[in-house]
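**Student:** Shown below is the structure under consideration.
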Amino acid sequence: MRRNLFALPAVAVAAALLLAGCGGSSEPGGQATTDPGPETGTITFTGTDNAETYQPVIKAFEAKNPGIKVTYTQIPFDQFNATMQQRLSAKDTGIDVYTVDEPRVSQLAAKGFLTDLSDLDAKVKTSFSASAYKTNHFRDKLWSLPMWNSTQFLFYNKTALAKAKVTPPTADPEQRWTWEQVEAAGRKAMQAGGTKYGLFLEQPEAYYQLQPLAESLGGGSGIEGDDALTPAVETDGWKKAMQWYGATFASGLSPRGIGGFQTGPVFAAGDVAFFVGGPWDLKIFGSSKIDWGVAPMPYFQGGKPVTPTGSWSLGVNPASKQQGMARKFVEFATLDPAGNLATTSTTTIIPANLEAQKQYTPQMDTFSGAKTAGAAAITTYESEHTAVSRPVSVGYIQFEEVMGKAFADIRNGTNSDARLQEATRQLTDAWKSIK
Amino acid sequence: MKRISLSVLGGAVGILFFLPLLWVVTNSLRPGSETFANLSPLSWQTFLELRPTLTNYSALLNSPIGRATLNSILVSAATVVIGLAVCATAAFGLAAFQFRGRGLVFGIVVLSFLVPFDAIAIPLSTMFRDWQLTNTFAGLVLPGIGNGMAIFLLRQFFLGIPAELVEAGRLDGLGWFGVFRWIYLPLSKPALIGAGLMLFLFQWQAYVWPLLIGTDANHILGPVALSNLQGQNFTDYGLVFAGAVVLTVIPLVVIAGFQRYFVQSVSSTGLK
Amino acid sequence: MRQRQGLIALAFLAPALVCLAVLRIVPAISAVVESFYTESLLRGGRVFAGLGNYTDLLSNKDFRQSVGVTLLFTVLVNPIQVAVSFLLAVLFTQRAAGAKLWRTLVILPIATPPAVSAVIWSVIYRPDGLANGVLERLGLPAQPFLTSPSQVLPSLIVLLSWIGVGYWMLFLIAGIQEVPEEVREAALLDGAGPWRRMISVVLPLVRRPLAFVLVADTVSNLLVFAPVQILTKGGPNGNSNLLMYDVYSRAYAIGDIHVAQAEVVILVALTLAIVAAQFRLLRGDQ
């Protein structure tokens, strides 16, 4: 990537800078070093969540490691991928630690954007679930440490369902509702329960959220082949799932034009009967004025229950000049049960560390008083029986971008079969440059 | 009668343009949770708030937008100062001297600076990365300092300065830089202000470049920070609108302050 | 003597020429060079690809659609903005009560940066936003705006015109005011169809500023990016996937930097052609 062709202009730009009277704060960039860097100082940590989420873990870490400070920078999820690609390929020393979505580990590692953490392998194997252990590996090396795990719940508006005379779903995973049931009940709530919409998924254009729809119908993950670079999004399962999904918007059951993560307020305002969201909502919705409850995520009639899983890991930027401190923080926030628990106290999400998880899961029942009763049992059940990870592929980042646009178009009324065919073509094109 | 109908038509158009702005200001004065409360049905309360609160603005101070606005001011100011120096000297070189190929140099300089540098932002940002200019103020300022319109405008103005003045100055023992500094610049205030405004507005409105080169917390600029606010888990529209107002009012004040020169510079670029 | 003058002129031009070389010419060359290479993530290494990236690009359906959308956008947005600016300039140069105030209201939004305008209009265009609130009040059905393939471009044109029309109007007002007032007044008071007369008298007299505005507007609209990135991500179905956004997403979302560089080369060539026209107009009657 580095080219000498333009070394001359570097002199020119230095001259221009001198001329302009402002010097750039530049350090020579370089390859990843094993140099741990200074013992004390300030490390920067970049992620997608609100700053408040990480305040407790940063405080706990700073208390335990006097002399080290951590500053957190948020980049919204929509911009995170593109911005991080730019900054990491610039060998930006301004990022020491960053959050890594588990399926992206392969590509980031292949591009040299993650520091090899394989010396922690044995510890990681015992501290995390087998699937978390596996997804943070690429080519037999460990590149990032799992921080969180996730699942999805079906939230329902109790008042609206009662008004529409619908018996709400129960928290028992054995009595899980089907999407067909949810749709019918949602329509009743729109007619008689006073809600504007029947059903809304929290991230309506995210692969994480929609993969389970296709998997429930046996459609597979959408990626196949030995190198995991062959698109398979035109299976019957994908087609059927997307037809159904597109129809929920066409019929007005779900609203168009409200983007991912602007969806929660719609449920909190009482405008929708059913909402599919994550563990963080267990607490967020607690402050809303409406009465609600939780149930397991639905599946398709005739299909099998499938739920999403996986979440953010933490990785170290190889360009960081503070590898030692960065690793200390990463280890504290994941391998140390207390540190890992601290990452989940503001935004309620499942800690990946098994020790932390044991303490955490039972509390989930009471995040919002009686409303969240049953959440703990659902979480345990899903992780043992229904959780399906997102596919591991060096092409996952492109896959997610392409599918995100396809989901947006299907949501807005494009014929789903044709759009999936289009996605296959776009994936083939995008992956050509990787192969 | 005709006058009245023209007045009514003008008023209708004016209000149409003004309504979105008014709505933004109004919503910046009420809590974010009420943003969508007055829209169905529409009433006068959609556009007026009787119990305004400044909480969004005080929250703004502690949000990334506060810092980003300061960065925007700093970067724009630096762009104006350095940009004027570069553009004015270039315009002087192209106006005060006769040499072979002057027309060609003029053509090349203005033409290449007229190409909006957004077009070339992606290869340029790759290079800036190799030069360690990512997330530096220098990296943010540099691409804005060469402005084809500003050079053009200043040169036009400089061409109008009588040659006798220059000769008199030379006879008084002024060097060429002295001629530039003590004769050309003092006479060209309107053109300098006009060109400065162009450089300022260009930098203030920039989005692609700051997105590519300055996204860390210490160097992020206003427009990028504002669009980032929208992607958060729970968007606070009160805060978004307050930020939008601040980022609009600052250039508005600058334009209003130099309104006379603005119109003058605007009219002399396209018309004379 | 002339040579000495040339050297001194060169000294004054030096900073600008350095900027020119570093900020424009070198990146342009770098884009051309990079566009001839390709890189494999799995195998690693940089390989000369000749015109491979260009043929890939030209055979890519998304790129071709993006070119089409950009052309459609260009032929829609520029005539609309120029026509509206001209009509408003004519309107606001008439003697009428409050003309100054109304004119100021139209000019105010030009201070809003495009990215900020995009954020504002994202709320206006939401299904429960201001636009549908207004439509409801007028007894009209709600519209999908940004989520409809056919309405997305017009929606973007509205938000760009909101900040653009006032700006271009300033140029045209200045041009109209150069026309002697008696001529304008006479045209206005001359009985039947004053508007038509006004336009038929004034239009030829402001031909030059009008042509300038048309070209300058075209350049500025060619590289529209912020509203697409913030509001639509090129959708629905690629119907707002303007070239500048396509380059960006190809470079950083899809991560295919070399093909993106090829696209930059095409984009710069296109811009240069339009800018050359603008320059000719600027120099015009020298």
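The backbone N, Cα and C atoms fix where each Cβ goes, glycine too.
Curation does not apply to TrEMBL; its annotations are automatic.
On a predicted model such as this, the values are computed, not experimentally measured, just so you know.
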**Student:** So which range, C:8-34, C:251-277, gets flagged transmembrane segment in TrEMBL?
**Tutor:** C:251-277
**Student:** Take the transmembrane segment (C:104-124) and find every residue of the same chain, 6 or more past its ends, with a Cβ under 8 Å from one of its Cβ atoms.
**Tutor:** 88, 92, 130-131, 146, 155, 158-160, 162-167, 169-170, 224, 226-227, 230-231
**Student:** Short question: which residues 6 or more past the ends of the transmembrane segment (C:67-92) have a Cβ under 8 Å from it?
**Tutor:** 99, 102-103, 106, 153-154, 156-157, 160-161, 164-165, 168-169, 171-173, 175-176, 198-199, 202-203, 206, 210, 213-214, 217-218, 221-222, 224, 238-243
**Student:** Given a Cβ distance threshold of under 8 angstroms, which distant residues of the chain, six or more beyond its ends, lie next to the transmembrane segment (C:152-174)?
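**Tutor:** Non-local partners: 69, 72-73, 76-77, 80-82, 84-86, 88-89, 92-93, 103, 106-110, 112, 114, 117-118, 120-121, 125, 145-146, 206, 209-210, 212-213, 216-217, 220-221, 224, 227-228, 231-232, 235-236, 239-240.
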